[in-house]
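Per Swiss-Prot, the features are as follows:
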{"type": "BINDING", "residues": "162, 164, 179, 182, 183, 184, 187, 203, 204", "note": "UDP-alpha-D-glucose binding site"}
{"type": "BINDING", "residues": "202", "note": "anthocyanidin binding site"}
């Protein structure tokens, strides 16, 4: 584990993105990280889509190394996205479900699990009878088990796009099956919804480790792979067992901290004011 880095003691070496300590160290991604590492100490300020209360030890350590670490998020609270049409009737369907009972599944706009994992997840959803909303690209639906859509239409919806922010903030949501992209994690925190994590690349493994072992607001799939039994177990733990209740308590605490950070006297609002003052002062200096 990364014991030498404050706030990272539960992070394992294998959780780091490829191109940092292993993998192709000559890749464009690795070179970008290297160049970023050289530039950050020279920056007048480093902006983060986060809030100080989420990782106070990490933020404090970064502030000791760089000029100004300014947490000015979560962006989805600071500048909420405009409402979108409920094309598929998601919200009306959610209104009919019990509180904290629905699984929402989305792996972002870039990655999709391989076919055998899609099958495993579909089988888990069918066997568990958990109400679900699944945002799945049209070209991936061919990998679902034959007859799955018909057999689950009474308790689930599969759609090609979903209004994620609105869904995660609905009272019926009980768990978010996610790729652990940073925006999705913040949206889940703001919605107060625990997560089942299936990371793919970049910072996603590290994010998933934070979710499970540091913040204790979700579960990582064993080996980072979706299996039928693993998915059923994860759904049961979060939706039906005491462990899930504790996760909901933890994430609701973070939700309140996130909201507080974006209040007029909150940490993120103060950081944004500091950023504005910095920009004005440098503009005056250059003039």
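Using the three backbone atoms N, Cα and C, a Cβ is placed for every residue, glycine included.
Keep in mind it's a predicted model, so treat the numbers as computed, not measured.
Taking CA atoms as the reference points, residue 183 (UDP-alpha-D-glucose binding site) and residue 202 (anthocyanidin binding site) are 13 Å apart. Spatially close to residue 187 (UDP-alpha-D-glucose binding site) yet at least six residues away along the chain are 74, 76, 164, 165, 168, judged by Cβ distances under 8 angstroms. The Cβ of residue 179 (UDP-alpha-D-glucose binding site) lies under 8 Å from the Cβ of 106, 107, 108, 111, 197, 198, 199, 200, 204, each of which sits 6+ residues away along the same chain. Remark: the residue listed as 'anthocyanidin binding site' has 17, 29 as non-local neighbours, by Cβ distance under 8 Å and separation of at least 6 in sequence. If you take the C-beta of residue 162 (UDP-alpha-D-glucose binding site) and look for same-chain residues 6 or more apart in sequence within under 8 angstroms, you find 88, 90, 104, 106, 133, 135. Within 10 Å of the C-beta of residue 183 (UDP-alpha-D-glucose binding site) there are 15 other C-beta atoms, taking all protein chains into account. Cβ-based neighbour count (10 Å, all protein chains) for residue 204 (UDP-alpha-D-glucose binding site) stands at 25. The record assigns 162, 164, 179, 182, 183, 184, 187, 203, 204 to the UDP-alpha-D-glucose site; their largest pairwise CA distance measures 23 Å. Residue 162 (UDP-alpha-D-glucose binding site) falls outside any helix or strand according to DSSP and counts as coil.
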